[in-house]
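Before any comments, here is the structure.
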Amino acid sequence: MMLWKNKNTVTGLSTGIHKHDKFNTWFLVTDASTYVVGATAEGYLVNLHWGARLEQLDNLNATLNTDFSSQDPAITMAKEELPIFGGLRYRENALKIELPDGTRELNLLYAGDANVTGNHLDLHLRDGNHTDLLVTLHYEVDAENDIIRRSYTVRNGLKKSINISKALTAAWHPPTTLGRDDKREIVTLSGEWNAETNVETTVLRPGVRHVVESTRGFTAHASFPYFALRSVADEISNGEQDVYFGTLAWSGGWEISAQMNPEGEVRIAGGIQHLDFGWTLEHGESFTTPVFAAGYTNEGMSGARKRLPRHTRKYQKKNVKTQQKDYNPVLYNSWEAVAFNVTAEKQLELVEKAAPLGVELFVIDDGWFGARDNDSAGLGDWYVNKDKFPNGVKPIADRAHALGMKFGIWFEPEGVNPNSDLYRAHPEWAFHYPGIPRYEARNELSLNLGIPEVRDYLYKRLHTIIKENDVDYIKWDMNRPFAEVSMLHDNGRNPREAYVHIVNGYYDLVDRLKKDFPDLWIESCSSGGGRMDMGIVERVDQVWTSDNTRPDGRLFIQYGASLFLPPRVMYGWVTESGNDDNVKIPLSFRFHTSFMGGLGIGSNLNDFKGTDMEETKNWIKLYKELRPVIQDGDLDWLVPPSRLSDLTAVTQATAQDRSEAVVLAFRHRSPFNRPIPKVRLRNLEAKQMYQVRIWLEDATKTEDTYEMSGALLMAQGISLPGLNSGMFRSALVHVKKA
Ligand code: DGJ
C-alpha cells in the first residue's frame, strides 16, 4: 500500500511511509522526524535524511559522491544502510558472508522490489554476483515516539551452504552540518556488578572507533546496549538540542560502535556481538537479526529519555498480557534479609508481616529447592527442598493468597551446580569442552538452552512448580557469564551458532510460560541488572535493576537505567543497606529512591523496630496513590546525581497529559548548611493552576501545601528548605491540576 498522494507537491506529509514517484526513495515520517532511504542508480541503499520532519516528498536523489581520493573511495564514505564486508568499504561493516569456495565478497543491490504494509517497509536486495542470495531490510515506524525499528533477513537461495560470520543489524548515519555539529559526544552506559548503568560521555575523535559491547554471551553489567549522540557546547554555541539515540532488542552478546571521519560524519553500527559468532545457512534457510531501534529528537537528552522508554513500554504493553491491565505490584523479597536461609516457618512469618503493610506480591528467593543451602549445590534441581518446606511451598502460596497477595518464586533456569542431581545425570547439557578444566563462576556452569531436551526439562520443571503451587510470578535469575559456548551436541550445526541459540532458547521458554500462564508475572534478573535490555523487556514485566540497594548508589544506577527503561519495570527495594553504627539513612530517603519505579521491600521485617512497620505501611499507601504517575509517566532528571559535591539529585515523573507530576529531591549532605536553590519543574501547562503537596520524612504529614501556576512552577520552582541541613535529606512533591 502506498500512502503518498498528489505526486510530490503535497505539503504536510502524514506520518507513515511514503514513496517518491520518480525516485526510489522512501520517506519514513514520524510525529517530529523523517528518515529517508533511497537507492542509487547502481542499487546501493543509502540514507538521505534523518532528522527534522519534512513537509513534502523532496527531490532527494540518491547518488554516490565521487571518490575523495584513491585512498578514500566513495563507497566507504557513503551512508549505506547495510554496509557489507567487501569491495572498497573500509568503515565499520554490518554483514559478512563466506561462500564455500572462500569468497567473502558480496555485492548487495536494491532488487527493484519493496513492500509497504502499514508502518512496515521491506526493501529487497539481491547479491549482484550470486543472484539467489537475498537480503530484505525491514523498517518499522513508531510515529509517536519518533523511532525507527530496523532488522533484516538473509535468505540463501543458492544450492550450497553459506556462512554468516557477522550480522550487525544496522548502520545509522546522524547528519553533520557545518557549525552545528563540530564536536560530537556519545552517551553510553558502563557498569559492573553492584554498580550498573553509569552514564558516560565521550567526545568522538576521527580515527578512533568507540565500541560498547558485551562479549559475555548475555547483556551483562559492563555496558548496556544504548547510545545517544549529541553536539557539545563550545565558546560560541550552546550545543544543539538534536539528539540521536537507540537501543538493541537483544539479550545476548552485543556491540554498538561509533566511528567519525575527519569531516565529522558519524556511523553508528550495532547488533549481535560478532566475536566468535557464526551462522550457517543451508539452501532455502534464512536468518533474521534482532531489532535495533533508534530515534531523533530536537528536545535534547530529556526528549531522548522520554521517547525510548515510551517506545519500549509500547511494545511491552502490546506483547505482555499482564502489562495490559494492572500496575506493577509492590513486592516483598527476603533475599537480603535471610539469603539462602528460607524455611516454611520463616517465610510464613514474613508473609504475615508483609500483608498488612500493603505488599501485593510475596516472593521466595533462592534456596527453596534441591540441596541448596548456599551457592555451591542444588542449582538445576527444581524440586522443593523438603527439609526446609516439609509440606512444599503451596501452604506459603495459599496463605499469601488468603491475605490478598500474589505469590512468587525464584529460578535460575540456565544455571547448574556440578554438585546437583541434574549435572550428575546430564553433564553433557552444560557448556564444557570435554578434556579441559571447567570454568565455573559462582560454582556453576551454564546449561545450553540451544539443546531442545534441556529446554524441555526446564519447561517441564518450571511449569510443574508454577502449576502445582499457584505461582503468580517468577524471578528469572542468571548469575554467571557464558564460557565454552558451543553446540556440543550432535545436530551438525555450526558450533558458533550457540550464542544465538541460547538467547532464542531463553526467549522461547519465557514466551511458552507466558503463553501457558497468561497471568504469570516475570522479572528479569541477572546478578542484579545484568539482563536489562529491550529484547527481554518486550517479553516480561519488570527487571531487577541492581543488587546494590543502597539508596544513594541507586540514584546513580537509576539515572542511567531510566535512559532506556520504562519507569515501571525498574524495580528498587527498600532495605537497610548503607546503615552502620555511624550512618542511619532515613526510611523516607530509601522510599523516595524506590519511588522512581516499581517498588519492592527487602528489609528483614523481623528486625523492624519502633515505628518502622507503621512508616513502611504509610509510604506504601502513598506510593499506591501516586503510582499511576510514577509507573505510566515520563521520568526525567531535573538534576543528575553527580552534579554537586554534596550529591543533590532531583527527578520529575510527569503524567503524559501533564495533569500531575511527582518530584523527588535528594540531598546527601550539606557540609555548609547552605540553602538549596529552588527546584524548577518542567513540562507542565503554564496556564494551569496546580495543587502542590510536599512530604519530607513522614508520609502521613505534608510539610507544605499550596497552589501555584504551571508557569511559576516552571519559571521559579519549589522551595525545599527541608533539604538545607542534615544528612540524607529528601523530599517528595506531588503537583496536580487544581
Ligand atoms: C542474584 C540476584 O540479583 C539476587 O537478587 C538474588 O536473587 C540472588 N541472585 C540469589 O542467588
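Each residue, glycine too, has its Cβ placed from N, Cα and C.
No curator has checked TrEMBL annotations; they are predicted automatically.
On a predicted model such as this, the values are computed, not experimentally measured, just so you know.
According to TrEMBL, the feature domain 'Glycosyl hydrolase family 36 N-terminal' maps to 43-282.
In three-state terms derived from DSSP, W193 (substrate binding site) belongs to neither a helical nor a strand segment and is classed as coil. Summarising the annotation, TrEMBL assigns substrate binding site to W193, D365, D366, R442, K475, W476, D477, M478, N479, C525, D547.
For D477, the entry in TrEMBL reads active site, nucleophile. Close to D477 (substrate binding site) in the fold, though at least 6 residues off in sequence, lie D366, W410, F411, E412, G415, C525, S526, S527, W544, each with a CB less than 8 Å from its CB.
Look at TrEMBL and you will find D547 tagged as active site, proton donor. The Cβ of D547 (substrate binding site) lies under 8 Å from the Cβ of W193, N194, S527, G528, each of which sits 6+ residues away along the same chain.
Assigned with DSSP, the residues of the domain 'Glycosyl hydrolase family 36 C-terminal' (649-734) fall into helix, strand and coil as follows: 9 helix, 41 strand, 36 coil. Summarising the annotation, TrEMBL assigns domain 'Glycosyl hydrolase family 36 C-terminal' to 649-734.
Cβ neighbours within 10 Å of D366 (substrate binding site), excluding its own Cβ and spanning all shown chains: 21. Taking a C-beta cut-off of under 8 angstroms and a sequence separation of 6 or more, K475 (substrate binding site) has the following same-chain neighbours: N333, V363, D365, G408, I409, W410, F411, E523, C525, W544. Counting every protein chain shown, 17 other Cβ atoms lie within 10 Å of the Cβ of W193 (substrate binding site). In the vicinity of ligand 1, defined as a Cβ distance under 6 Å, the following of the binding-site residues W193, D366, D547 are placed: D366, D547. Over all protein chains present, the Cβ of N479 (substrate binding site) has 21 other Cβ atoms lying within 10 Å.
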